[in-house]
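Peer 1: Feature annotation from TrEMBL assigns domain 'Na+/H+ antiporter MnhB subunit-related protein' to B:5-128. Annotation source TrEMBL lists transmembrane segment at B:12-30, B:36-55, B:67-88, B:108-133.
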Amino acid sequence: MEFLLAIITGLLYAAGLYMMLRRSMVKLIIGLIIISNGANLLIFLLGRITKGHPPIIPDGSKVFTEIYADPVPQALILTAIVISFGLQSFAIILIKRAYQAVKTDDLDEMNTIEEEIK
Amino acid sequence: MKTLILRTASNYLLPILLLFSIFILLRGHYLPGGGFVGGLIASIAFVLHAFANGLKDTKKLLKFHPGFLMPIGLAVSFLAGLLPVIGFDEPFMTGLWMHDTIPVLGALGTAMFFDIGVYIVVQGVTLTIIFTISESA
Amino acid sequence: MLIAILTGFVFAILLFFGGKNIVSGKLALLPALIPLSLFIYFVRFIKDISNNEIVHKTYEWIPSLGINLSFTLDGLSLLFSLMITGIGTLVFAYTSAYLKGNNYLDRFYGYLAVFMAAMLGLVLSDNLISLFVFWELTSISSFFLIGFNNTSLASRKSAFTALGITGLGGLLLLAGGLVLGSITGTYDISEMLQHKDLIANSDYYLLVGCLIFGAAFTKSAQFPFHFWLPGAMKAPTPVSTYLHSATMVKAGIYLLFRLSPLMGSTNFWNTTLTIVGLITMVYSAFHCLFRTDMKGVLAYSTISALGILVFLIGLGTQESFLAAGVFIIVHALYKATLFMVTGVVDHQAGTRDITQLSGLRKVMLPVAIAGILAAISNAGIPPSIGFVGKDLIYEGTLHLENSAILLTAFAIITNVLISYAGYVAGVKPFVGKLPEKFEKVKFPHFLLWFPPVLLAVAGFVFGVFPFLLQDSLVKPIVQTTGLNTSEIHLKLWHGFTPVLGLSALTIGSGLLLYFLLKPSKKLEQFIAKFDKLSPKSIIENVVLGFTNFSGFWTSTFQSGYLRNYISIIVLFLISLMGFTLLDGTTYKVDYSSFARITVYEVVILTILVLSIGLIVFAKSRLAAVVSTGIMGYSICLLFVFYSAPDLAMTQFAIDTLTVILFVLVLYKLPKYLNLSDYKMRIRDGILSIAFGGLISILALEVLAQPVNSEISDFYAKNSYLLAHGKNVVNVILVDFRGADTMVEISVLAISAIGVFGLLKLRLKSVERFQK
């Protein structure tokens, strides 16, 4: 299964990069979302995956008695997910404001407008 | 999207979801859950209410701008971390625990207050973002 | 001693507060009291020093690195300290009249005071690192002083050139000091002297030598780094007097003098110094012939004098060190005078063009006296101190074992040319007929003519009574090089010796040259033809080329297009990592593990792949947003399968919110168009697939490595025992790594404030642009 997940992660990165390289601003944001998901999955995968054993100490015992999933990457990803929401919303708003200001969705055109303002 | 069913449902859903979010928050130390998830669920409850009844109603319900939740939550978390320094002469963020356990919550400690702070901040952040955007959209 | 150095800095800081009041009006002379009091302070040491005592003071600074503020006052540093404070006093006083009414006089005094303090620190430092710090401070204050007239382009440019060259030298000094420190294990020069053998036998001797030479030659304007000094003449004349003739440019000489006992008496050291000094002194002495600007003439003759000093240090004999020591004093006296005289002429007559000036003695007699006296001392005519100095130089060269005649000949040629330069600057403006246009030139202020006269007269007093200098300064200077000093006797009259003949020859030829050759524009134009070949233009071209290359580089790689940046970064990453991975990978696909894959997993993965495909190829915004949502939920399900309930819950909530967010702004966002052409999409597609493939291989490679679960085990073990929690993920977040979480929620709050600010606070300029 790790093999398939590694391929999927690569796919997420590829799709994310492709979207970020487009000239449309909306695609840029979507690309950002895909890549951040890919990064989460990569960290998760590298922490090794375990089926059916969440990192929660069972009732009645004080330490783990069986194998358990690695909690460290999970803690990392949890905050990463929440922070990426903040980043995404900020990016979306930035784009919206930029669109309002320069009336173009084309990242290339934005460049020329910037020069004109000067 | 102000349909009758959704509006009626959301009036009941809001308190239920809020209770659920607090439940998730408090059980976080022993079972899946915690401040981050709890805060997100609580904001979803409000967002849902806003969808059904309009933003104005939700704001009226809240009585204050959700942005104020951010400093409050940050202060709660920070004080929870500071308590060991002031009261017990321990390093910042040392976990302190009461000896007796309380039903439902289990052991009570500073970590729980820290988590409550996280819960409030997450809620404030999410609601600020969504409200701001829907207002100007 | 620390206080003595710090005084200048403190004064400069004080000038920040109400400085304008201190230096303007009747209090203008007040700043001059500072160098004067320091001068008196140092004069009191003369007695101790002449008794071969050495004053040593150490203040701890960074003891762990062996860097201390240790100061040594011996013959050499005493001579320099006296020069710095003595000439400093006169320059400070002179400035008050020269720059009277200037708006930024307070600044000027501030820079001067910083320079003086730094220079004192430089010559008193025993520690190479603190010496470097003061060295750089002199470069920086010199930069401000050269560029003082900051509205002129030429002046700014010269300041930059000077800073560039001397700053570079400073870095070389630091490098050299560090290597010396690592060889000997100390940064104190006095302690290094005890490890002289270590240095001489070290593999790095040549390296250290080159670094020290680089530092000294740039600072003291030796060929081919000399060109910053004529440029530095853009500075106000008091600066040229103080920094660029008497003190700062001698810092390199000081360094060579100081390190000679440490590194000298090797073939490399002596030959390099002799040759570089020789080239510099002859080359720039010839340049004097072709200048019509008084300051230009003096600048080149200064470089030539510095060349003589380097040359003398390079000879490395007791006689040559003696000659160098005396010549430092001689040169400081007459050159400072000549510069001040030039300043007065410029200030009163409004020009420094030597072809126009003549007969000025009729309007400013004291200045004329000072100029002529200095020219006499410069030419080495008795009974000036210049005569004593010149005799010593010839004695130094004549008594050499090798090629004495040749070197003496070069010294004579240089001296003839320098004496010509002195006549041009010190005599020419004052003799002959007074042109009509200068008849109304006013008599200069007392403070303008008195300092040069004082210095010029001092040159003669020391010339007539050379024993005044003999025990007090000259002997201790030679003493610092570790050579025998008992046979030193300074005398004006040696009797009829070959040296006397050479002196007469020099004086005669110098006078002859002055009467035969008149400075003219033609000569100046003639030398300008060779400008293209000069080191200055070569280095300028190199700098220009460098700037052009940087411009080209920047415009190529920083095109302003986001996707180009991303492409370049990713391409670099792919090639770098791909190259490493070429060595071969260790991952082996374990086909048996495929059997354990359940149907649910396959379904989820299929949905995930489909949603990704849909995002990439979607034609409408809505489709793309919905597919993004589906992708998020699929990943959420993956978390459920692989024992991460917390992640699943969070991902689910966030995904919902993201979709809501998109829906809210969707119809405000622009249409979803394919803006790029076909070719570009293919190119980006290939790049993306390569990148994705690389990430996959990377992931598989890491998976093939053994896992280190030390940290996780610690958290898992202590989660309940220490933190009373059973959900380890949550315990890590709120307890073990609570401080991190604290920062993370702060970041979240900042992003929310950012969103709020972007939308609620109108950007005024952009709004206006819209209209």
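Even glycines carry a Cβ here, placed using N, Cα and C.
Provide an account of the burial state, proximal residues and distances for the features listed.
Peer 2: Here the domain 'Na+/H+ antiporter MnhB subunit-related protein' (B:5-128) returns a mean pLDDT of 83 for the predicted model.
Within the chain, the transmembrane segment (B:36-55) has long-range Cβ neighbours (under 8 A, six or more residues past its boundaries) at 1-3, 6-7, 9-11, 13-14, 17-18, 20-22, 24-25, 28, 61-62, 66, 118-123, 126-127, 130-131, 134-135.
Sequence-remote contacts of a segment are chain residues at least 6 beyond its ends whose Cβ falls under 8 Å from one of its Cβ atoms, and for the transmembrane segment (B:67-88) they are 94-96, 110-111, 113-114, 116-125, 127-128.
Sequence-distant contacts of the transmembrane segment (B:108-133) (same chain, six or more residues past either end, CB-CB distance under 8 Å): 21, 25-26, 28-29, 34-36, 38-40, 42-43, 46-47, 50, 55, 59, 62, 65-70, 72-81, 83-84, 94-98, 101-102.
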Peer 1: Going by DSSP, how much of the domain 'Na+/H+ antiporter MnhB subunit-related protein' (B:5-128) is helix, how much is strand and how much is coil, in residues?
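Peer 2: The breakdown for the domain 'Na+/H+ antiporter MnhB subunit-related protein' (B:5-128) reads 92 helix, 10 strand, 22 coil.
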